[in-house]
Amino acid sequence: MDGLDDIVEEFLVESHENLDQLDSDLVALEQEPNSRERLSSIFRTIHTIKGTSGFLAFNRLEEVTHVGENMLSRLRDGELALTPHRTNVLLQMVDTVRALLTSIEANGGEGTVDVSAAVAAVTAAMEDSPAAAPEPVAVPAAAEAPAKAPAKAAVAKAPAKAAVAKAPAKAPAKAPAKRASRAKSVAVPAPAPVPADEFIEDVTPAVPDILSEEPSAAVEAPATGEQPEVDAPAAEGAGGQPRRAVADSTIRVDVDLLDELMLLVGELVLTRNQIVQNVARQTDTDLIRASQRLNLIASELQEGVMKTRMQPIDHIWSKLPRVVRDLGQQLKKTIRLDMEGRETELDKTLLEAVKDPLTHLVRNSVDHGIEAPDARKKAGKPAEGVLTLRARHESGQVVVEVADDGAGIDPAKLGAKAVERGLITPDALARMSPTDVLQLIFLPGFSTAAAVTNVSGRGVGMDVVKTNIESIGGTIEVESDPGIGTVCRLRIPLTLAIVPALTVECASDRYAIPQISLQELVSLDAEKAANAVEEVGGAQVYRLRGELLPLVRLTDVLGLTSERHDGHVVIAVLRSEGRRFGLVVDRVINTEEIVVKAVGGQLKQIGLYSGATVLGDGTVALILDVQALARRALRTETAERQESRASVSSAAAAETERQRMLLASIGGGRRVAIPLDTVTRLEQVRTDAVEKVGNREVVQYRGAILPIVRLDRHLGAYGETDREVLEVIVYADHGRSVAIVVEEILDIVDGEAAVRSDIDDLGLLGSAVLGDRVTELLDVRAAILAADPAFYSAPAANASTPSGVHGSYLEV
Amino acid sequence: MTSVTDYAASDAMASATSGQLATFRLDGDLYGVEVEHVQEVLRSQQLTRVPLAPSAVAGLINLRGQVVTAIELRERLGRPARPEGTDAVVIVVRLDGEAVSLLVDSIADVVDVDAADFEAPPDTLEGQSRDLIRGAYKLDGQLLLALDVHKAVSA
């Protein structure tokens, strides 16, 4: 019984509401029988129920609503006039519908509810001519009920009959030809129930001819109206404890009201922040405790209110299978649509906002991403293309992916197209990474049909998609492997009103950066910053784990002067449009939930701020628009870098392979680079563990004797000698190992810069500039031979390859 | 040239209304805005500056949780900056449902004005401020310059 389908449940909720409306509409209609508006509204309601019930295979429900709809449409079109009798049968029909719904809700099926009576009543009421004495109609209808009762022989119907019978009973006594409605109202307060047949005698003579005029029609109606009451308790009894009716467990709320609530909660959260900040400076424990509770409750309230606005993404996904199917058929492609994470929830407004872009992306994938079956077979892929929709929560955002296993996008072709269209200069293109090139499809002006067919087929309206996504504070990026597929990834904030943000300080003002764009924070002290922040042709870059991160100084963008003079560099690594860049700020304050406030038109025009917010202490902070910032800052950066890069590019072309180098200091300020592939392990060895074999130093290491070479002595530098622990680089090959002692392991770098020179010395291969410092390149072979002269000549038992080290053994 | 005068004339006609003006002082002159536009008047507020904004935008203020742009009226009217050490007074006006605030030197009375006393801006008034002044009401002993609020805040 709890297995009610979502659809059925929704249908029930909706129908119950509609029926309540219907009741009052019908009654109101009686007052103004000619209101077409009301009739239309009633008609629509019944029509909706009928449509859904047909779809859900509730046949009896469909049957009864069908006749109701027929009658209503004729009433609406003026073919029939509304008489009290007709109102009655319509109300009966509504009751029957309600009975059916109750049964469906309780048992999951239509149960034993009989609809034939209501159907017959409505049909009959439709047939009698509008002129035919409308007033007494209800009376015979009701009067006949007892007559039919024995035939039906339903126990439950007995009280119903009695009640109905009362109506005619009184009617003749006071005024035989009373309006049905009046009769009804009299019937209700009627005292002690009296055997029905007694009254029939009274009634029949009063209205003899009408009885015959009115067939079996309206009769059963009151009975059916009562029946649900009989069914319902039975169902409850069966189900153990009564469960809250579906219609009672939900209510509909105006979205505007929710919006307002959300706004207020936002304000509350702000006030909470202010209080919590202030209380942190207090010593009153009661106050502190109260503020903690406030903190907690406000958070829960915020979460709760946010939840009221949350809907699973399935709401918009559910329409996509149809889109994919239709479009696939049209294009003669077979496509399977997979969905992962359809229960992922996000704010209703956002859901609405991503609906169109998402549909667009899906259409795009079907249209241009996935190849025709023939082409797929040729490429060695199954004929059936797979389109995968994925949604998940990730660090306070919703990530939605549209992935296809189609032909992918060829960056070269795409780039060429962009150049051809004049969207980008060939020079600029040459400097772009393949990933950056892919993002070109979001450029406005790329979105023409021609571009789509000529390039590997992407880009219709992608700029619009991007604009839409950005307007809700989201981001979009595209990834593609030619021949394997394409992924469009949307990152959408959970909600618009309250955003987690990083607050930073710049020139003594505070700014908020939405977390959605933030990837990580890097803090460099003055000493490190001096080395780590490098210049590439006038533009500053930072090497973040081997990748060059262009740096943008917020002070430069805003035209301010930094107040940080200690050389410290704080970098917020931001992502925008698939590109990363580092925003240099004076300092990071903290992360907090901020409520986004719109800024006036004057400030919107600046195009750097997406809004403003009030921080915990009541000051106003601007929210940086990271996308706009990136667009503004990175474009000028690249332009500046252009010439300088061009001159270097020829030299860069000569650079063949990048070699990873281990940087170590050996004392006396000298730095040595050792190719990483000759390093097996980094160890620390206690000085007192060093023993002597002849005049060589050795150390016991993993059950073997490890010869040691002290690099400082080997290279003629003078390091500290009285250290307790030696930093050791172990090199092993063919079962033999040596240990190279250095002063300190500094870093692992890419040896790409390589302004090499042949200035060398004994034991060195040469020198190079690595990380802004002149670094000596160690002749590893010579160093090893110094430690173990027999290292390369001694035959090893399990030697299979002449040389080479297993880099994977590296343990740092 | 004629079109400009026409415009000024019609503008002056249109603005020659009786009613109440909330008056304030700015660089020695008396200005007024229609009372119905004024939401409230505040003492000087903490301002958050907005880099790259037009020079007349003095910053943002926190008006009970609402973020409101503050326009420096001296800058807007091409007057010298307010002397160091004197605090501005904030007049919050509400236009088309949006609150904007004006920074002025000090607030004065609410004055009843008569359309009969109204005159178009004096010809000597120049440049920026000419666009922002609807005209002048001749009060006893001084002139009250009627500020066109809509233009003043569209910095």
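Note that Cβ sites are derived from N, Cα and C of the backbone, with glycine treated the same way.
What TrEMBL records for A:166-175 is compositional bias 'Low complexity'. The domain 'HPt' annotation in TrEMBL covers A:1-107. Among the features that TrEMBL reports, domain 'Histidine kinase' is placed at A:252-496. Under the heading domain 'CheW-like', TrEMBL lists A:498-635, A:658-789. Positions annotated as phosphohistidine by TrEMBL: A:HIS47. Per TrEMBL, region 'Disordered' is recorded for A:166-189, A:215-243.
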Overall pLDDT of the domain 'CheW-like' (A:498-635), taken as the mean: 84
What is the number of other Cβ atoms found within 10 Å of the Cβ of A:HIS47 (phosphohistidine)? 17
In three-state terms from DSSP, label A:HIS47 (phosphohistidine) for me. helix
List the helix, strand and coil residue totals of the domain 'HPt' (A:1-107) as derived from DSSP. 88 helix, 0 strand, 19 coil
Please count the residues of the domain 'CheW-like' (A:498-635) that DSSP assigns to helix (H, G, I), strand (E, B) and coil. 29 helix, 75 strand, 34 coil
